[in-house]
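Here's what Swiss-Prot has on this protein:
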type	residues	note
BINDING	Cys12, Cys49, Cys83	[4Fe-4S] cluster 1 binding site
BINDING	Cys157, Cys161, Cys164	[4Fe-4S] cluster 2 binding site
DOMAIN	3-120	domain 'MTTase N-terminal'
DOMAIN	143-375	domain 'Radical SAM core'
DOMAIN	378-442	domain 'TRAM'
Amino acid sequence: MAKKLYIETHGCQMNEYDSSRMVDLLGEHQALEVTARAEDADVILLNTCSIRERAQDRVYSQLGRWRELKLANPDMVIAVGGCVASQEGAAIRDRAPYVDVVFGPQTLHRLPEMIDAARISKLPQVDVSFPEIEKFDHLPEPRIDGPSAYVSVMEGCSKYCTFCVVPYTRGEEVSRPFDDVIAEIIHLAENGVREVTLLGQNVNGYRGLTHDGRLADLAELIRVVAAVDGIDRIRYTTSHPLEFSDSLIQAHAEVPELVKHLHLPVQSGSDRILAAMKRNHTALEYKSKLRKLRAAVPGICISSDFIVGFPGETEKDFEQTMKLIADVGFDFSYSFVYSQRPGTPAADLADDTPEELKKERLNALQHRLNQQGFEISRQMVGSVQRILVTDYSKKDPGELQGRTENNRIVNFRCDNPTLIGQFADVHIDAAQPHSLRGSLIQ
């Protein structure tokens, strides 16, 4: 009987991508098959996130729940990867001594041998080092799971924002070779993928070495990806405003496969807070780049990230953030209350905003963003949108769902499952808080 793998993923799209590659790797090297039940597993993997305090707490809560499974089945291997593993290393075993393997984002390619070593030696295996992009040389071809796919083009970040753990948990920026990225995307396209999302912690800082020794930027990569037969849509995330270049704006204007949506995290609308965060740009500089983009691509939708309650944030600082939200017209954001992350420069600052006030500000910010996003959705009612049909609707098996160019989910009634993986024209009938309803145009 085949051995079983249970995997749980916390955090960002990069973690989702890494988890999919772990499944590929362990399927090829150890013939492990994925199970939906941890109690049935021979190997349990937890791919962790350390961006937020609660995400880190979740790790130890989850490991605590698996302790009984390990006691019942001592041969079970429990492995912890991702950014919490990178940050804490062997110290994870101080709180969860039944963990067998601890590995970082850059050493996931060593997972099969680490699992084997743990089984044979009965000793814990820990490797949270930062070998430069080596993991991609050891991974099998990616498994295809639907018409959309993530492709990691770079790892790490060298910006060292004062609130962020990424440079310490994933290392500094390292770009994958240009031809390696294109080869992976060709493989995906040959197997039915129609949309790719290019991933990196600072993806628009991509500088990939080409076969002739040049460094290609993200704009050049996008143009070549768009020329791959079968690829009809391109997205990328996550970007830093400093790296949002004129060449990228030109690519948005000239490459029809590049969607009319940009996720460009700003974190705050206050220049004082932006300086304290070491973002190295002002709110005006951020808005100026978006004005150029919108002049080149009218109608493009912009989403962002915000941190509320950063140390020293005053009411005036928060009002400036709310003004930026209104000025730009963001339609969505990943927004969080600030929490101290150990080892970051901001952790040395006084976290002096009361938690209740942080929550009030976060609620006000999210309410404003929800209003703006719904208004954009409402304006789409009556239009015809070309959507990539990705799956059955999560709420009604008699419906299919897909995404618009500007990243909105559309649900529509359809009894033809062969549309999944294809593009379809859908008339938008109604706007809902977090999705659209439509009718298939036959």
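Glycine too: its Cβ is placed from the backbone N, Cα and C atoms.
A map of Swiss-Prot features onto the structure.
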residue: Cys12; record: [4Fe-4S] cluster 1 binding site; DSSP class: coil
residue: Cys49; record: [4Fe-4S] cluster 1 binding site; DSSP class: coil
residue: Cys83; record: [4Fe-4S] cluster 1 binding site; DSSP class: helix
residue: Cys157; record: [4Fe-4S] cluster 2 binding site; DSSP class: coil
residue: Cys164; record: [4Fe-4S] cluster 2 binding site; DSSP class: coil
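Within the same chain, the residues at least 6 positions away from Cys12 ([4Fe-4S] cluster 1 binding site) whose Cβ sits under 8 Å from its Cβ are Cys49, Ile51, Thr238, listed in sequence order. Taking CA atoms as the reference points, Cys83 ([4Fe-4S] cluster 1 binding site) and Cys161 ([4Fe-4S] cluster 2 binding site) are 16 Å apart.
When DSSP labels each residue, the domain 'TRAM' (378-442) comes out as 6 helix, 35 strand, 24 coil, counted as helix, strand and coil in that order. Within 8 Å of the centroid of the Cβ atoms of Cys12, Cys49, Cys83, where the record puts [4Fe-4S] cluster 1, the same chain has further Cβ atoms from His10, Gly11, Met14, Asn15, Thr48, Ser50, Ile51, Ala55, Gly82, Thr169.
If you take the C-beta of Cys164 ([4Fe-4S] cluster 2 binding site) and look for same-chain residues 6 or more apart in sequence within under 8 angstroms, you find Ile51, Cys157, Arg341, Thr344. For the domain 'MTTase N-terminal' (3-120), the DSSP-based tally of helix, strand and coil residues reads 71 helix, 22 strand, 25 coil.
A Cβ within 8 Å of the Cβ centre of Cys157, Cys161, Cys164, the residues given for [4Fe-4S] cluster 2, is found for these other residues of the same chain: Lys159, Tyr160, Phe163, Val165, Val166, Pro167, Gln201. Counting other C-beta atoms within 10 Å of each candidate's C-beta, the binding-site residues Cys49, Cys83, Cys157, Cys161 are led by Cys83.
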